[in-house]
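For Lys7, Thr162, Asp163, Thr205, Gly206, Gly207, Met208, Thr209, Thr210, Lys211, the entry in Swiss-Prot reads ATP binding site. The substrate binding site feature in Swiss-Prot is assigned to Ser43, Asp130, Asn142. The domain 'PUA' annotation in Swiss-Prot covers 270-341, and the record cites sequence analysis as its basis.
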Amino acid sequence: MTLWVVKLGTSLLRGDTAATIEGYASGLAAAMRRGDQVVLVTSGAVGLGCQKLHLPKRPDTVVALQAAAATGQGYLMALYERAMAVHGLSVAQVLLTRSDLVDRRRYQNASGTLQQLLAWGVLPVINENDALSSAELRFGDNDTLSALVAAAVGAHQLLLLTDVDRLYSSDPRSDANAQPITDVHHPRDLKWLEAGAGDGGRWGTGGMTTKLAAARIATASGVTVHLADGRDPARLAGLLEGDRGGTVFHPHPEPLGNRRSWLAHVLVPEGELCLDQGACQALLHRGASLLLVGVTAVKGQFEANRPVLLRDPDGQELGRGLCTLNSNQVRQALSVVTDAEASPVVVHRDALVLQDR
């Protein structure tokens, strides 16, 4: 049994959306009948809302986007429900915001709900709750959401369906010398691609940059990621059965556990701690906790046990973790504590994730 997370982008749901969804439903149903479990992350609510409201283009204000999403979401779910019912299968709507996942208990509740739906043989259909998401707590795109969902449910495979056939060394639409990339054994090696990966089209928000970011999140959690051409819905059945195509991002050999994945990718840092070189070496090479004596400066205002960014002396991100003290306590103690033996722990190693492992 394979647990799949499948992500459908907005660009794939243009035109005759009902017929397109019926085509994808056949592939999803075939995998579920075979004994696999599938979670679907779908875009399309805003686009369908724009169609229903006869808008000439995607809105450019938050309020208008949220209103379009609210209009289109019910219609989107009705299409999936009808399409899967033909195959005798049920669907469940799950709308998420980042705030649902930032809280550890709610994160576990969301994971448990999805696991129960899968155990019942139901297809969870997930979308960001665009009608309610605030700007500072948005996933921003469903590529990121699909990667976080894959980590939360312990998926084996994440399939990102898009309107290109694979990853290229540069944009093949503008560069005739662009080379296809079929396998990526560590997505961080492709950071240089992100600068030219491109933004989403007129109706979408997820260009290749967000797909590379999603691949890094998922592979860090032990999930194999497939980037494949989804423009022909009939291809989905074969892709879920193991057909090679597109680009495969292989999982990290030492994947993060559930909690560390949550720390690294879900939490939004509320402040920063700047570290000296000795503290950086202790974290990187000795697996130590961060002591206050290794902190040179604190930025931002945050309460105790909230997520913070850790920066090395060059200002580069070293990692993330939960700070045991609030920002004022850290500031007050910086001028007092100079002895490592008397220095309190400000980020315990069990609540710390390094950027490059």
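Every residue, even glycine, has its Cβ placed from backbone N, Cα and C.
If you take the Cα of Asp163 (ATP binding site) and the Cα of Asn142 (substrate binding site), they are about 15 angstrom apart, rounded to a whole number. Local packing around the binding-site residues Lys7, Met208 was summarised as the count of other Cβ atoms within 10 Å of each Cβ; on this measure the leading residue is Lys7. Across the structure, Lys7 (ATP binding site) and Asn142 (substrate binding site) place their CA atoms 7 angstrom apart. In the three-state DSSP scheme, Asn142 (substrate binding site) is classed as helix.
A Cα-Cα distance of 14 Å separates Ser43 (substrate binding site) from Thr210 (ATP binding site). In this structure, the C-alpha atom of Thr210 (ATP binding site) lies 9 angstrom from that of Asn142 (substrate binding site). Secondary structure of the domain 'PUA' (270-341) per DSSP, as helix, strand and coil residue counts: 23 helix, 25 strand, 24 coil.
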